[in-house]
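Quick notes on the structure that follows.
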Amino acid sequence: MRQPPLTSTASFQALAQHADTAKTWQMRDLFAADPDRFERYSDEAAGLFLDYSKNRLDGRTLELLVQLARERGLEARRDAMFAGEKINNTENRAVLHTALRAPRGATLVVDGQEVNADIHAVLDRVKTFTDAVRSGEWLGHTGKPITDIVNIGIGGSDLGPKMVVLALRHYAHPRLRMHFVSNVDGHDMDAALAQVDPETTLFIVASKTFTTAETMMNAQTARAWFLQHAPEDALARHFVAVSTNTEAIKTFGIDPANMFPFWDWVGGRYSVWSAIGLPVALAVGFGYFKDFLAGAHELDEHFRTAPLEQNLPTLLALIGFWNRQFLDCASVSIAPYHQDLNRFPAYLQQLDMESNGKRVTRDGQPVDTPTCPAIWGECGTNGQHAYFQLLHQGTDVTPMDFIAALRPAHEMDNHHTALLANCFAQSEAFMKGKTAIEVRADLQAQGLAAEEIERLTPHKTFPGNRPSNTILMERLTPSTLGALIALYEHKTFVQGVIWDVNSFDQWGVELGKVLAKKIEAELAGEPAPGQHDSSTNGLIARAKAAF
Ligand code: F6P
């Protein structure tokens, strides 16, 4: 059913009216007026605790936001996704990353095919293979165990496994060193190959389509490098593939017995739960990989069954929408206060921006509001000493998501205390700010002259009233990490429903790919048709002159 334009809905209009007042609120006052604000605006599920009290909202705001979600048909759309309906309407595909983490025996039929059995058959193969590599039973062609694994993939075939392997490094096998090559820039492959030995290296070529130009070029380079050191029949001990495209894998020369399949209903940026997670299972072992899936499944169940008012991904999404739409926040900054989540902001960039960076609805009509904000970030405390200045005193308001584990995976307790203190201090500072009156009082206490106080006060004043969420978990484990990723996946889904965009296609990346092919041929010496603009022609000419 075609959705009416978002701005025409009754709940959107009620929210717009409500926002006129809400814009004048100071969070300091909201906290002062309600001693229970933290309890009221926090909740937990699947090992994750969400504090959303430091946002410019009240009970009425949430009520209207939930009303909007209902008016946009969130519950029906959510159920359609879980049921395997083809909600990716521009590619005519189901969207079933949730099925990848459902326990064995769950039933789900897509296009007449029972998918749970297929999923678990592949998981069984992942277990057999990863057990063999980890135990040292799987040998390289000269009889040595594997020591290095190079995952060759890009986008979803890189960001997910790379982020998770780093996040779970405390669970990793001590013998296996993990490398990730994604960029077509030869410096990436060059750096990886410089660290590995062809006798003991396993290459995983990971590509849903097995046509992605960067991955294909990197895979060919790795293959050629390997064959400089080993005979052709050694390839089977050193190259495996993860893909949906069996024919292309055969053509590349990888034994189909070494292929781990997945399905077109798994979007690239939602694929770490499939065999694309092979590097994760190799690094941490199949048992922990299953815990990772189970953590995500627990969050799925929460998303599927919890009332919208207590539904963590829904709340995150609605608050994000509120900030974007009514408080004019054009970007969101992600601050994991956990060094092992270093790649999490980059992972979320693809998840969120490739999903909801859209400007037309599922029916091809222009979306009549702004859509996905830019997502960016860096681990705390490092970000504090780089760009937090802008977050505190810049002219734009950027909502923050703080993410932290209450217990570390190390024994340096003083470090962890300092880390958490910084995390909580930042959200407090963003919320409260520091008024001119407070600044003047401080400067007076320091004994500064009146004139100096007036000169410095504007520079030392913090507007505050800057929204943030804080997500806490007991520890960063395979299970809580699984839940955390699923939380953001479903948040992305809910926002897509509100904007009525298809969150599961990515046509916007195609144009650049086509043009790059053309220019690559020109750089390689084919006659330039001269059809570019003068800037592009000039850049091509300069590059050719340098070759
Ligand atoms: O071009 C974008 C994209 O299709 C992403 O959506 C995807 O994750 C990435 O490229 C890699 O695709 P593949 O796994 O097919 O190589």
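Even glycines carry a Cβ here, placed using N, Cα and C.
Per TrEMBL, the features are as follows:
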ACT_SITE  GLU354  active site, proton donor
ACT_SITE  HIS385  active site
ACT_SITE  LYS513  active site
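Positions of the features from TrEMBL, shown on the structure.
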residue : record                    : Cβ within 10 Å
GLU354  : active site, proton donor : 22
HIS385  : active site               : 9
LYS513  : active site               : 11
Integer Cα-Cα distance in angstrom, LYS513 (active site) to the residue listed as 'active site, proton donor':
15
DSSP three-state assignment (helix, strand or coil) for GLU354 (active site, proton donor):
helix
Whole-number Å distance between the CA of GLU354 (active site, proton donor) and the CA of HIS385 (active site)?
29
